[in-house]
Amino acid sequence: MAAGSITTLPALPEDGGSSAFPPGHFKDPKRLYCKNGGFFLRIHPDGRVDGVREKSDPHIKLQLQAEERGVVSIKGVCANRYLAMKEDGRLLASKCVTDECFFFERLESNNYNTYRSRKYSSWYVALKRTGQYKLGPKTGPGQKAILFLPMSAKS
């Protein structure tokens, strides 16, 4: 490949590619840093979800997995559990993937990401300034609590 050249890969069927990226682990593990209070989203092995400021906590290492375009599941690598939003807006970690474990991932204009529940479509993953999760019905666009910056969690 010559310096300055660009290589393109087929992405659409008419270009010789598939219609969508295959589901799977296509990203390196991440830490999700919340703008509100400076906490990292943490998934505990017992199913609890909260935020912690300690960068070395092993339970903040998360695997984001694409399920379809714009939709991800978030798995705690150490906890081996999936982030889920329940019907009352609580965040918890499930041992298996359910329809409550899928979130619309969106890059906002301020370069932070938001994670909105696919099942409860007006509710977001959010952390309060105390590090506790915020109930889904109390979240909405424009809140700092819903803004997350994905950071590398490579060892």
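Cβ atoms here come from the backbone N, Cα and C positions, even for glycine.
Segment annotation: Swiss-Prot labels region 'Disordered' over residues 1-20 (candidates 1-20, 81-100, 101-120). Between the CA atoms of Arg129 (site 'Important for interaction with integrin') and Asn36 (heparin binding site) there is a gap of 6 Å. Nearest in space to Tyr82 (phosphotyrosine), taking C-alpha to C-alpha distance over the recorded positions Asn36, Lys128, Lys134, is Lys134.
Rounded to a whole value, the Cα-Cα separation of Lys134 (site 'Important for interaction with integrin') and Lys128 (site 'Important for interaction with integrin') is 6 Å.
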